[in-house]
Amino acid sequence: MTLLALKEDRPTPKAVYNWRVYTCAAIASFASCMIGYDSAFIGTTLALPSFKKEFDFASYTPGALALLQSNIVSVYQAGAFFGSLFAFATSYFLGRRKSLIAFSVVFIIGAAIMLAADGQGRGIAPIIAGRVLAGIGVGGASNMVPIYISELAPPAVRGRLVGIYELGWQIGGLVGFWINYGVNTTMAPTRSQWLIPFAVQLIPAGLLFLGSFWIPESPRWLFANGKREEAMKVLCWMRNLEPTDRYIVEEVSYIDADLERYAREVGKGFWKPFLSLKQRKVQWRFFLGGMLFLWQNGSGINAINYYSPTVFRSIGITGTNTGFLTTGIFGVVKMVLTIVWLLWLVDLVGRRRMLFIGATGGSLCMWFIGAYIKIAGPGSTKAEDAKLTSGGIAAIFFFYLWTAFYTPSWNGTPWVINSEMFDQNTRSLGQASAAANNWFWNFIISRFTPQMFIKMEYGVYFFFASLMLLSIVFIYFFIPETKSIPLEAMDRLFEIKPVHNANKILMAELNFDRNPEREESSLDEKDRVTQTENAV
């Protein structure tokens, strides 16, 4: 099997895997660039000497400063929580594409407001207010983009295409981690030094805003809203096939059958998906989607993203530039491994197996880091030029090893699964619920991480290690493998027991449904061989 080999749910023309679907996914993923950048730059910006001086951090007690920093960071997640819920309404009434335009505008307004902050009259309030608006923008976008991409994607590359969303997140994060290293080493600690990282937020948001005028609406949303002619045009353009092509005919029939079934079972209308929550199978799917983000945030990733200087200081890394450099390398490792996950792991190795590997390896790394901090107490060293011991170097190695386990597993896979697991009538609501869960747990982590490090010290790492172990049990018993399964067959996938064999069983069913004659012919041939052997 070659690196980019694909497991198709049915014979697929090569024309389907064309530049159009990848380009649309890339443009939509400018949303994740702005999310990744905002998640990464804020922690190191708060550590810039110019920012500390501008807002007089030296006058705060350690507890008061931790509270201020956690508020600056966490209001963004609070806004994102509500933005992800607002996206359900905008998705229903405006569609996926126009929703992206609307949320990019909200983000741009929020980013512009942040630039008005200063250390005198206006104070830090514009940053807090702007981050609330920016959070609403990224919350809505985090809901829309995985849905949009999954509805455009052929099943064999759906994980890869939704993975572009995660790649955008890592590219934005990489820039966010390195930009403060750059301004800290090349600029004097003036107001401009900390304003530049805030201003750069406008770039990915502007690209998303402009690009959203070019990309088409989701064909599945168009079919669901009675715009059949436009839907056919978009689908044929996206697949690079004629309307009469067998692949197009089959895909449209699957979409129609799915819509008809849910029109009978759930009905159409803005409130109908809420009524579907009465069904236990829908409740269960919502629960699973939310829990994936509990386990993702329970890995410790957002404690590191938002408070990387604090995290590295706890290991024993001192000095502003050294901390920024270490954080920047963390961003590089994440991006490289995201590319590996995107090109190979997510659609070939599969979702479940990667989650198992990531949780097991990541937990072991966290146990080691916590044990080192408990024994050596490196965070108590105050000197800027303090040298790392061999144990400290090993702890940093295990930190990057944790990154290597986490990134190609828990970083993007929960988004992929949540983009796949809901049907057409509950997909927007389901993704809104999943995104809201992500931002809720994100808020909890970002709000309390500074206080956790003050109170728990090395125990923070043991806490995250324990949660990663618990996630293994959850995945084994409750999350089926979704790779290569058509969106229209997800209901059947989640009905099959045992969970660990569900994908294999359903793929066999799908192949039989499409090739009953070939299956019967194969059985007849087996009978003839058996009869011949018996005769001999």
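Indices start at 1 and increase along the chain as displayed.
Quick reminder: no glycine exception, Cβ is built from N, Cα and C everywhere.
Database features, via Swiss-Prot:
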| type | residues | note |
| --- | --- | --- |
| TOPO_DOM | 1-26 | topological domain 'Cytoplasmic' |
| TRANSMEM | 27-47 | transmembrane segment |
| TRANSMEM | 75-95 | transmembrane segment |
| TRANSMEM | 99-119 | transmembrane segment |
| TRANSMEM | 132-152 | transmembrane segment |
| TOPO_DOM | 153-160 | topological domain 'Cytoplasmic' |
| TRANSMEM | 161-181 | transmembrane segment |
| CARBOHYD | N184 | N-linked glycosylation site |
| TRANSMEM | 196-216 | transmembrane segment |
| TOPO_DOM | 217-285 | topological domain 'Cytoplasmic' |
| TRANSMEM | 286-306 | transmembrane segment |
| TRANSMEM | 328-349 | transmembrane segment |
| TRANSMEM | 353-373 | transmembrane segment |
| TRANSMEM | 390-410 | transmembrane segment |
| TOPO_DOM | 411-435 | topological domain 'Cytoplasmic' |
| TRANSMEM | 436-456 | transmembrane segment |
| TRANSMEM | 459-479 | transmembrane segment |
| TOPO_DOM | 480-536 | topological domain 'Cytoplasmic' |
| REGION | 516-536 | region 'Disordered' |
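Only sequence-distant pairs (6 or more apart) were considered; of these, at least three Cβ pairs between the transmembrane segment (328-349) and the transmembrane segment (161-181) are under 8 A, so the stretches are in contact.
Below 8 angstroms of C-beta separation, residues 62-63, 66-67, 69-71, 73-74, 76-78, 80-81, 83-85, 135, 139, 142, 289-291, 293-294, 296-298, 300, 302-303, 306-307, 310, 314, 414, 463 of the same chain, each at least six residues beyond the ends of the transmembrane segment (436-456), sit close to that stretch. Here the transmembrane segment (75-95) has long-range neighbours at 38, 42, 102-103, 106, 110, 128, 131-144, 147, 217-218, 221-222, 225, 270, 428-429, 431-432, 435-436, 438-440, 442-443, 446-447, meaning same-chain residues at least 6 beyond its ends whose C-beta is under 8 angstroms from one of its own. Non-local neighbours of the transmembrane segment (353-373) in the same chain are 295, 299-300, 314-315, 341, 345-346, 379, 391-392, 394-395, 398-399, 401-402, 404-406, 408-410, 413, 457-462, 464-466, 468-469, 471-472, 475-476, 479, 481; each lies 6+ residues outside the stretch with a CB under 8 Å from one of its CB atoms. For N184 (N-linked glycosylation site), the number of other Cβ atoms no farther than 10 Å from its own Cβ, over all displayed protein chains, is 21. Take the transmembrane segment (196-216) and the stretches 99-119, 132-152, 459-479: counting Cβ pairs under 8 Å, 99-119 has the most. When pLDDT is averaged over the topological domain 'Cytoplasmic' (480-536), the result is 72. Same-chain neighbours of the topological domain 'Cytoplasmic' (153-160): 6-9, 12, 16-17, 21, 25, 239, 342-343, 346-347, 351, 416, 419-420, 483-487, counting only residues six or more beyond its ends whose CB sits under 8 Å from a CB of the stretch. Below 8 angstroms of C-beta separation, residues 80, 84-85, 87-88, 91-92, 139, 142-144, 146-147, 149-151, 158-159, 162-163, 165-166, 169-170, 220, 224, 255, 258-259, 262-263, 266, 268, 272-274, 276, 282, 285-286, 288-290, 292-293, 295-296, 301, 334, 338, 341-342, 346, 351, 354-355, 479, 482, 485, 487-488, 490-491, 494 of the same chain, each at least six residues beyond the ends of the topological domain 'Cytoplasmic' (411-435), sit close to that stretch.
According to DSSP, the secondary structure content of the topological domain 'Cytoplasmic' (411-435) in residues is 18 helix, 0 strand, 7 coil.
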